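Peer 1: Please see the structure below; I have some questions.
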Amino acid sequence: MKTFVLHIFIFALVAFASASRDSAKKIGSQYDNYETCLTEHGLTDDDIFSIGEVSSGQHKTNHEDTELHKNGCVMQCMLEKDGLMSGADYDEEKMREDYIKETGAQPGDQRIEALNACMQETKDMEDKCDKSLILVACVLAAEVVLADSSEGA
């Protein structure tokens, strides 16, 4: 069973290194709890943002706040079902471990630093849904930047 880290991400997590390159794919759609979380929140695949929209930040300008919140709730649901989040709180160590397992990142890897920065940026947010989507978006955006910088090097 795959775990979701922002899995991103990671989801969201996450969705993270290889998935971020498939921009038409829906965030989180490759993970086991995706369909369950869609059903629990009364959403369909059509309601979920694409990886490309999220990694580019277009989801923030192309969608209403209610759509952003609903997408975040699906992300939070998957993170929680995978033991990476409880309510609005991350299990940071488990999130790092699962992200490393998912991406193959090694200690000192810039992707891990990006995940840490994204968790730090969102850790004090109280709304679990908004927090989850912002975390996933942060990780996906960082992966794009890191991929672009490594291609240019």
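Here the Cβ of each residue, glycine as well, is placed from N, Cα and C on the backbone.
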Peer 1: Considering the candidates C129, C138, which is the cysteine that Swiss-Prot reports in a disulfide bond with C73?
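Peer 2: That record, Swiss-Prot, gives the partner as C129.
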Peer 1: Of C77, C118, which cysteine does Swiss-Prot list as the disulfide partner of C138?
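Peer 2: The record-listed partner cysteine is C118.
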Peer 1: What is the nearest of the disulfide-bonded residues C37, C77, C118, C138 to C129 (disulfide bond), using the Cα of each?
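Peer 2: Considering only the listed disulfide-bonded residues, the nearest one is C77.
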Peer 1: How big is the Cα-to-Cα gap, in Å, between C138 (disulfide bond) and C37 (disulfide bond)?
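Peer 2: Each residue's Cα considered, C138 (disulfide bond) and C37 (disulfide bond) end up 21 Å apart.
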Peer 1: Taking the Cβ of C118 (disulfide bond) as the centre, how many other Cβ atoms fall within a 10 Å radius?
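Peer 2: For C118 (disulfide bond), the count of other Cβ atoms within 10 Å is 26.
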Peer 1: I'd like the number of other C-beta atoms within 10 A of the C-beta of C138 (disulfide bond), please.
Peer 2: 25
Peer 1: How long is the line from the C-alpha of C118 (disulfide bond) to the C-alpha of C73 (disulfide bond), rounded to the nearest angstrom?
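Peer 2: Their Cα atoms are separated by 18 Å.
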